[in-house]
């Protein structure tokens, strides 16, 4: 990856990390800001992901990076990718479940919220253990990738599992988002009342749908292989598009009242 592209990636991740941190801390200290536990998990996952992405800062070019830092990043990059995809799916799924329960004069229970958060975290922890075991068996398997941005595990198994989890989350995001929009359309005369009784604002639904659209576009850019680009250009497209995510997340949800 060219030095200019690495600079753009680091700048986007750094800006996204700053904005997300401000959004998270503001929500924590402000009494006027009311957010669900899933929202906090969602923002926290974005913060942690950016931190992991920037671990190799100033070691992305030149000699091989510090082995310890490379190992830490190489094992964390996969569960963090999965966690962000899954918790994004969990958030839109929570909106859908809340709306359906409200239509039946029921409310989302603490148990529902616990499992909505616990499942993505549990899957990510399992993936973390898998990555650590794979990397520990042979530390030479973890090295800086061709882009220079991050360290990764060279055998494709961990990456393939992560990709599978992310694709499954993407399908769930798309399917649930369509279900939410269909539900709103079918009940358009009463949907504002439904959202109000679900403690969900229309603004939040719009923002979440917009962010999910960004997520799906990023997934497309990550797997898309345009023939006009060489291998380095494809790396640039995939990596820079991923770095847009924390920026989009911070700006979209940071301006929410």
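Numbers run from 1 along the shown chain.
Keep in mind that glycine also has a Cβ here, set from the backbone N, Cα and C atoms.
The transmembrane segment annotation in TrEMBL falls on one of the ranges 204-225, 226-247, namely 204-225. The transmembrane segment (204-225) makes no contact with the transmembrane segment (113-133), as judged by fewer than three Cβ pairs under 8 Å among residues 6 or more apart in sequence. When Cβ-Cβ distances below 8 Å are used as the criterion, the transmembrane segment (113-133) is approached by residues 36-38, 41, 74-76, 78-80, 82-83, 86-87, 89-90, 93-94, 97, 153, 158, 161-162, 165 of the same chain, each at least six residues removed from its ends. Here the transmembrane segment (39-56) touches the transmembrane segment (6-27). Their Cβ atoms form 3 or more pairs under 8 Å, with each pair 6 or more residues apart.
Away from its own ends, the transmembrane segment (6-27) comes close to residues 33, 35, 39-40, 43-44, 46-47, 50-51, 53-54, 57, 60-61, 147-149, 239-240, 243-251, 253-254 of its chain (Cβ-Cβ under 8 Å, at least six residues beyond either end).
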